[in-house]
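Everything below concerns the one structure shown next.
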Amino acid sequence: MSVLTGAGISTDSGIPDYRGPQGVWTRNPAAEANATIDRYLADPEVRRASWQARLVHPAWDARPNAAHGALVDLERAGLLRALITQNIDELHQRAGSAPEKVIELHGTLHRAECLSCDLITPMSEVLARVAAGEADPPCPRCGGLQKSNTISFGQSLKPEVLGAALDAARSCDLFVAVGTSLTVHPAAGLCGEALDAGARLVIVNAAPTPYDPYADQVIHEPIGEALPALVKELIDAAR
Ligand SMILES: NC(=O)c1ccc[n+]([C@@H]2O[C@H](COP(=O)([O-])OP(=O)(O)OC[C@H]3O[C@@H](n4cnc5c(N)ncnc54)[C@H](O)[C@@H]3O)[C@@H](O)[C@H]2O)c1
Ligand SMILES: [Zn+2]
């Protein structure tokens, strides 16, 4: 089976989602409009605010929760083909999921990238410069603008990453979507790809999603309990 995760799997780890009741954008709708690559490139104030937000991001202190752990169990039972995630927090790898199983559709917050020369550096190095007073630290190699190594709205996904996710969705018998509102494309469309290829679809998410009508099972319950229970069922059924 293949699994797709979203921000909802990490809320129990203290990282707010975007669209849940305590979501970053539910509480501050203006933030969504500023989350585009065009605004980032055009406005030094948006970049300054972005670096300040990265500096205090809850991901730095977050620890994986029971739901991340359940997906490690699924992998160790030999049942996981791929773990596709929209999250940028690396909590799957931190929980013990094999890095080669994790497909990070939207990149990672743990690295910075130069938008001119594509240099990738550890985020911790750039944040140390921000903490020391640089409002918008330029690339150490070419002086270009830097950003987290994540996909902003208006940026395309990396073709090889999207390709791997499409392969994983189209070649599984069961596709499980966890903690995602299934409103961000192309990630959400992976559910349709899996269904078209004949897979069953299971959705674990508190709020309804556009794919609920097509799912074989929809679990509108807290992920921290619902996902470990589902994984246990799947492992027992495979024995
Ligand atoms: N942890 C992270 O890395 C993080 C956090 C916020 C946003 N993002 C990014 O923002 C985008 C948001 O899209 P998305 O679909 O992943 O998130 P989203 O905010 O659109 O949806 C999250 C969903 O999870 C559900 N949810 C939250 N906590 C839950 C819980 N404990 N139990 C059950 N359901 C719960 C909510 O009802 C909501 O429908 C992604 O592309 C991602 O890259 C990432
Ligand atoms: Zn550069």
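A Cβ is built for glycine as well, from the same backbone N, Cα and C atoms used for every other residue.
Caution: TrEMBL annotation is automatic and unverified by curators.
The model shown is predicted, which means the values in this text are computed figures rather than measured ones.
Record features (TrEMBL):
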type	residues	note
DOMAIN	1-238	domain 'Deacetylase sirtuin-type'
ACT_SITE	HIS106	active site, proton acceptor
BINDING	CYS114, CYS117, CYS139, CYS142	Zn(2+) binding site
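The structure, with features from TrEMBL marked on it.
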residue: HIS106; record: active site, proton acceptor; DSSP (3 states): coil
residue: CYS114; record: Zn(2+) binding site; DSSP (3 states): strand
residue: CYS139; record: Zn(2+) binding site; DSSP (3 states): coil
- Query: Other than its own, how many Cβ atoms are within 10 Å of the Cβ belonging to CYS139 (Zn(2+) binding site)?
  - Reply: 19
- CYS142 (Zn(2+) binding site) has its Cβ surrounded, within 10 angstroms, by a count of other Cβ atoms equal to 13
- Message: Rank the binding-site residues CYS114, CYS117 by how many other Cβ atoms lie within 10 Å of each Cβ and give me the one with the fewest.
- Response: CYS117
- Message: Are there any residues at least 6 positions away along the chain from HIS106 (active site, proton acceptor) with a Cβ closer than 8 Å to its Cβ? List them or say none.
- Response: THR85, GLN86, ASN87, ILE88, THR150, ILE151, LEU157, ALA187
- Task: Using CB under 6 Å from any atom of ligand 2, narrow the recorded positions HIS106, CYS114, CYS117, CYS139 to the ones that qualify.
- Result: CYS114, CYS117, CYS139
- Message: Please list the binding-site residues from CYS114, CYS117, CYS139, CYS142 whose Cβ falls under 6 Å of any atom in ligand 1.
- Response: none
- Determine, for the Zn(2+) site, the additional residues of the same chain whose CB lies within 8 Å of the mean position of the CB atoms of CYS114, CYS117, CYS139, CYS142; present them in sequence order. LEU115, SER116, ASP118, LEU119, PRO138, PRO140, ARG141, GLY143, GLY144, GLN146
